[in-house]
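I have placed the structure first, in the form of structure tokens, so that the comments after it can refer back to it.
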Amino acid sequence: MAAGFGRCCRVLRSISRFHWRSQHTKANRQREPGLGFSFEFTEQQKEFQATARKFAREEIIPVAAEYDKTGEYPVPLIRRAWELGLMNTHIPENCGGLGLGTFDACLISEELAYGCTGVQTAIEGNSLGQMPIIIAGNDQQKKKYLGRMTEEPLMCAYCVTEPGAGSDVAGIKTKAEKKGDEYIINGQKMWITNGGKANWYFLLARSDPDPKAPANKAFTGFIVEADTPGIQIGRKELNMGQRCSDTRGIVFEDVKVPKENVLIGDGAGFKVAMGAFDKTRPVVAAGAVGLAQRALDEATKYALERKTFGKLLVEHQAISFMLAEMAMKVELARMSYQRAAWEVDSGRRNTYYASIAKAFAGDIANQLATDAVQILGGNGFNTEYPVEKLMRDAKIYQIYEGTSQIQRLIVAREHIDKYKN
């Protein structure tokens, strides 16, 4: 098996270097008019999906429970994912990356999340941290900070949330004061994924001291090296689920950042920070679908083996109907993230679809994890079976990268604006 997997890796890396890149340039991703809608994946997409699936089932699943128990950061798995080309997929080709689209990243993310969403979140945390630079960085910034991530398995982090500012991003208190050719950063961030493992951070700070300044002018986005003096990394938080993911608070005390590390310019940070979500929320939704699919598979497997009242569980209509509902929900959630990803890869603004996908898939992941525990009964409540972990892991999909309630606000706003305009 090891030899076979090794050959698969070499083949995939070959595809990554040649065929995949040639097939997925921006020019080639443009669809010819009149071709209609298609559910068919390209051969390269199938290769990436199959490799991620094999990796999740053969390397992640066997150790997921132990990582959940210890809370240890899954360094060997992250290194392996990097070797397979399953990380940093958004990084442009001119920076050494594959330059893949959001749809491609979603296919990989779903498979990784099927194995363990803690591992998937650590990897997706990288994508979120990178995205502001991908969409707003200049050539020098991209080559310096994105390029290094293709040379070795480094991590980065999206450093925005604060103790008193989660959904209310405009309420952040971290300040950036310009002094000569550098900025002095002071403030505190919280719930930062990869916070203790990152090589660098995307940081959002208030650069306009006027409290009445509009959000689209009051904040500036920075790239901050993690080893800069004045950065104090807090303890690893013990969370309800996704425990192998690294989540921390970070204090910035008189941290000096050169002006060369500003994205676009003063006051552009809020737009940059929010713009990243159109590309990352579909990928988060795909992770939620991966968890939901795992819950459905575990529940179905159990129902085909367990007997009660002289019958298999699947022979009881109550259980078969539950499985049918679960199957319908996971299929619809998958379609939602694929639509959102397809829209942004086609060059269109996808805020509406990205929020639908994020909210719907997050809710479905929680519903299916709960139903899986119910079908397994007492066994589902026990750590000997994987569904209790799925139930704990699922909750964060309704919280991070925009709560389900915030997504509904966005969907409502976009929907109403269509009719007004």
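Backbone N, Cα and C atoms are what each Cβ position is placed from, and that goes for glycine too.
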Candidate set K236, K301, K389, residue annotated N6-acetyllysine in Swiss-Prot: K301
Candidate annotated in Swiss-Prot as N6-acetyllysine, out of K173, K256, K279: K279
Recorded positions compared (T193, T351) - the one with the fewest other Cβ atoms within 10 Å: T351
Assigned conformation of K212 (N6-acetyllysine) - DSSP reduced to three states: coil
Extent of the octanoyl-CoA binding site in Å [max Cα distance among S167, D278, R281, E401]: 16
Cβ-based isolation winner (fewest other Cβ atoms within 10 Å) among the modified residues K217, K259, K279: K259
Rounded to the nearest Å - Cα separation of T351 (phosphothreonine) and D278 (octanoyl-CoA binding site): 6
Largest tally of Cβ atoms lying within 10 Å of a Cβ, found at which of the binding-site residues G166, G402: G402
